[in-house]
């Protein structure tokens with residue numbers, strides 16, 4: 001058996017091929033797993049659990065079917081869907097996890113997260129993140145009419161795209177000191193995350209021992225997952 005990790009699907013109605021690929025994944029590979037962990041940015045945007053978007057209901061039902069089949073499903077918020085709440089989690093059968101979680105997997109201690117908190121060189125993004133994660137601001141935003149939230153979200157996405165276009169790739173990647181600090185804080189030799197869309201397995205030193213950082217890929221033209229078994233940790237790409 002295996003535990004599966006995915007992230008950065010950025011599901012939206014404009015990308016039906018990705019949605020179809022995810023549905024096939026849920027109906028196939030996911031049903032064979034010990035557990036499924038979604039490490040953020042499942043959706044391109046999330047403006048509240050009360051959004052009647054049919055795609056959201058379709059995904060909730062599909063994930064719930066996996067959960068009902070006996071495969072526990074877990075979710076860590078990403079920078080695109082950090083407002084995903086308890087209502088959607090309940091409808092989809094997912095358990096919401098904190099932004100950093102340590103798992104005991106087949107004899108390994110593994111730290112999982114979305115990964116945006118590791119990009120500490122991007123000071124502008126970190127300041128924005130700190131602001132939008134304030135509970136009072138989230139409560140205020142979610143109290144706004146849905147059409148207002150949609151306009152605000154569209155403007156924020158446009159601003160983010162414009163800001164990122166002028167940033168270097170290095171700034172938007174993880175900071176190595178932040179990686180080591182996180183792994184040493186949790187006393188782990190394995191870290192799995194997404195966010196950067198740069199799939200790879202990196203070797204480093206943490207806790208004065210060899211350590212590994214496994215980065216999930218985004219679902220653009222193919223799927224990406226990390227498969228953890230008793231024997232191996234594999235980064236796998238597969239066609240939709």
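Cβ atoms here come from the backbone N, Cα and C positions, even for glycine.
Copied over from Swiss-Prot, here are the features:
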{"type": "BINDING", "residues": "8, 10, 41, 197", "note": "Mn(2+) 1 binding site"}
{"type": "BINDING", "residues": "41, 79, 114, 195", "note": "Mn(2+) 2 binding site"}
{"type": "BINDING", "residues": "79, 80, 122, 160, 164, 167, 195", "note": "substrate binding site"}
Worksheet item: Under 8 Å Cβ-Cβ from residue 10 (Mn(2+) 1 binding site), six or more apart in the same chain: what's there?
Response: 18, 41, 43, 44, 80, 218, 219
Worksheet item: Got a sec? Which of these binding-site residues, 79, 160, 164, has the most Cβ atoms within 10 Å?
Response: 79
Worksheet item: So of 80, 195, 197, which of the binding-site residues has the fewest other Cβ atoms within 10 Å around its own Cβ?
Response: 197
Discussion item. Using a 10 Å cut-off on CB atoms, tell me which of the binding-site residues 114, 167 is the least crowded.
Written reply: 167
Worksheet item: Can you tell me how far the Cα of residue 195 (Mn(2+) 2 binding site) sits from the Cα of residue 167 (substrate binding site), in Å?
Response: 16
Worksheet item: Can you tell which of 8, 41, 122 has the most other C-beta atoms within 10 Å, given these are the binding-site residues?
Response: 41
Worksheet item: Cβ within 8 Å of the Mn(2+) 1 site's Cβ centroid: which residues qualify beyond 8, 10, 41, 197?
Response: 7, 9, 40, 78, 80, 194, 195, 218, 219
